[in-house]
């Protein structure tokens with residue numbers, strides 16, 4: 001009998017408290033014709049219980065498993081159990097009893113299927129130069145189980161060896177060790193190469209990442225590369241080369257030396273659903289950061305910060321997602337302050353506060369998902385995804401920094417990231433680490449006694465709003481105030497010399513008007529400030545949102561056009577919700593037309609939005 005030993009992550013069906021994955025060998029061929037991965041995964045699992053466990057349970061979702069070997073011997077003693085939404089189908093493997101501390105090797109021959117939720121496949125027509133197919137993975141939060149059987153929880157970390165065969169260049173979340181046309185006499189399909197990567201720092205399953213396509217690469221710093229489509233390479237290089245190394249050096253001063261050897265960026269095709277995904281060694285980034293004005297490279301500061309927060313020190317479950325994203329947003333803003341000046345930190349936090357208010361309003365002020373620590377039992381973590389763990393998490397850390405004083409806090413930051421290096425933790429362990437660190441500091445300890453932990457962790461809705469330094473936003477608010485007057489005449493001079501983010505703050509202030517703009521005002525704004533034609537989606541997205549609220553019909557079709565070019569959920573979901581309110585027919589037609597363009601995660605979320613779920 002397997003011991004019943006309840007894990008603390010409710011979003012996995014694996015019995016990871018009995019077995020721990022130590023090393024993973026992912027050996028796959030990318031089949032662009034059939035749009036699937038075929039090959040095997042070998043897991044090295046350590047027995048972790050005193051009572052010998054004779055069953056390994058792994059997470060799987062929509063996989064085609066053909067055979068399983070234990071320590072090199074084929075076994076037929078395995079079953080894929082019934083699907084349990086939203087977590088997939090547990091794979092149960094009977095194994096010989098293994099004493100605590102000993103390892104077992106499980107090799108599983110497996111293929112992905114057309115229902116795989118982690119992989120997106122593009123036909124050549126969906127790529128920018130329309131010459132070659134493309135594929136990439138997005139495994140966060142619980143999608144790695146649809147690539148291969150695994151313990152799909154951030155509470156388990158494994159080293160990795162990638163062996164990926166493809167007819168096109170491959171990128172993965174490991175350090176490349178070379179490409180060859182054959183391996184030990186095992187011939188691959190002609191025209192394919194075997195690309196190998198090692199990841200010697202243990203990482204959770206959601207950070208497993210691969211991409212393959214017509215990818216070209218250029219240097220953007222002494223330890224950084226950018227990879228993207230050949231035609232986009234020079235733009236991407238220009239956008240990123242000025243700041244990447246600067247960001248790394250600032251982060252190293254704040255925490256400690258960068259651990260992953262290289263920090264590279266893969267700029268993905270437009271349908272990538274997130275701003276970035278912090279896959280180790282290779283951040284996967286949305287092409288919306290390549291805006292020709294270097295105004296959106298803060299996404300890189302964010303994903304880079306994940307190299308410490310999230311990737312080295314991980315939340316133990318998605319219920320404590322703020323430990324990944326709140327810390328990362330905090331570090332990102334510290335980088336901004338060091339590179340651009342202290343007012344930039346609060347300026348960024350003001351933009352973040354607006355995103356937080358929007359998310360809380362969307363869920364409702366007393367909704368479970370507006371808490372810092374949330375209950376995800378039986379729930380899909382993707383449904384809880386919002387700016388709340390980022391911004392409410394940031395505000396908690398910002399509050400703690402102000403409480404104990406920056407100088408003292410800055411000693412805690414490297415201590416925290418050293419204590420939990422290569423481990424996973426929950427909010428209670430964070431609290432204990434903080435209080436323990438300051439125990440010898442009477443003054444700080446006294447201040448920390450005033451922290452209402454239960455309110456911060458479990459109270460839904462907005463946290464207390466701090467007093468921000470508004471020096472960079474005051475003129476944005478002033479211009480917005482002018483727009484409240486119906487007879488205001490705009491001019492391009494109004495925003496002359498402004499950063500794109502200052503225009504963002506202005507537009508967000510207009511979005512908060514209790515009375516929307518008139519269609520005529522919306523048109524005048526777009527014309528005077530060239531917003532409808534901007535390459536910077538952060539601007540066109542907000543302008544179209546204002547126009548849709550104003551029922552300005554001249555933005556309906558440009559909105560639909562943008563929705564066919566951008567797959568980032570931050571833009572796509574709100575625009576569909578607003579378009580659907582003013583022209584449901586156009587919204588539904590636009591979605592149907594672009595259904596195959598969107599990533600499966602994005603497609604599912606928009607479908608739910610349009611159904612009003």
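Residue numbering: from 1, along the chain as shown.
In case you wondered, yes, glycine gets a Cβ from its N, Cα and C as well.
Just so you know, TrEMBL annotations never went through curation; they're auto-generated.
Taken straight from TrEMBL:
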ACT_SITE  303  active site, proton acceptor
ACT_SITE  390  active site, proton donor
BINDING   138, 139, 140, 273, 274, 275, 276, 277, 278, 568, 569, 570  peptide binding site
BINDING   302, 306, 325  Zn(2+) binding site
DOMAIN    471-610  domain 'Peptidase M1 leukotriene A4 hydrolase/aminopeptidase C-terminal'
Spatial neighbours of residue 390 (active site, proton donor) among the binding-site residues 138, 140, 274, 276, 278, 306 [C-alpha, 10 Å]:
none
Sort out the sequence-distant neighbours of residue 140 (peptide binding site) for me: same chain, 6+ apart, CB within less than 8 Å of its CB, listed by position.
206, 207, 277
Mind tallying the domain 'Peptidase M1 leukotriene A4 hydrolase/aminopeptidase C-terminal' (471-610) by DSSP state, helix then strand then coil?
96 helix, 0 strand, 44 coil
Neighbourhood of residue 303 (active site, proton acceptor) by C-beta distance under 8 A, where only residues 6 or more apart in the same chain count:
265, 276, 277, 278, 283, 285
Determine, using Cα-Cα distances only, which of these binding-site residues is closest to residue 325 (Zn(2+) binding site): 138, 274, 569.
274
Binding residues 138, 139, 140, 273, 274, 275, 276, 277, 278, 568, 569, 570 (peptide) - maximum C-alpha distance in whole Å:
18
Within the chain of residue 302 (Zn(2+) binding site), which residues six or more apart in sequence place their C-beta under 8 angstroms from its C-beta?
275, 276, 328, 329, 332
Take every residue in the domain 'Peptidase M1 leukotriene A4 hydrolase/aminopeptidase C-terminal' (471-610), average their pLDDT values, and give the whole-number result.
95
Can you grab the distance from residue 569 (peptide binding site) over to residue 306 (Zn(2+) binding site)? Cα atoms, rounded to a whole Å.
20
Between the Cα atoms of residue 138 (peptide binding site) and residue 306 (Zn(2+) binding site), find the distance and write it as a whole number of Å.
16
Taking the centroid of the Cβ atoms of 302, 306, 325 (Zn(2+) site), which other same-chain residues have Cβ within 8 Å of it?
276, 278, 303, 305, 309, 310, 324, 327, 328, 329, 331, 332, 390
Using all protein chains in view, find how many other C-beta atoms are within 10 Å of the C-beta of residue 276 (peptide binding site).
22
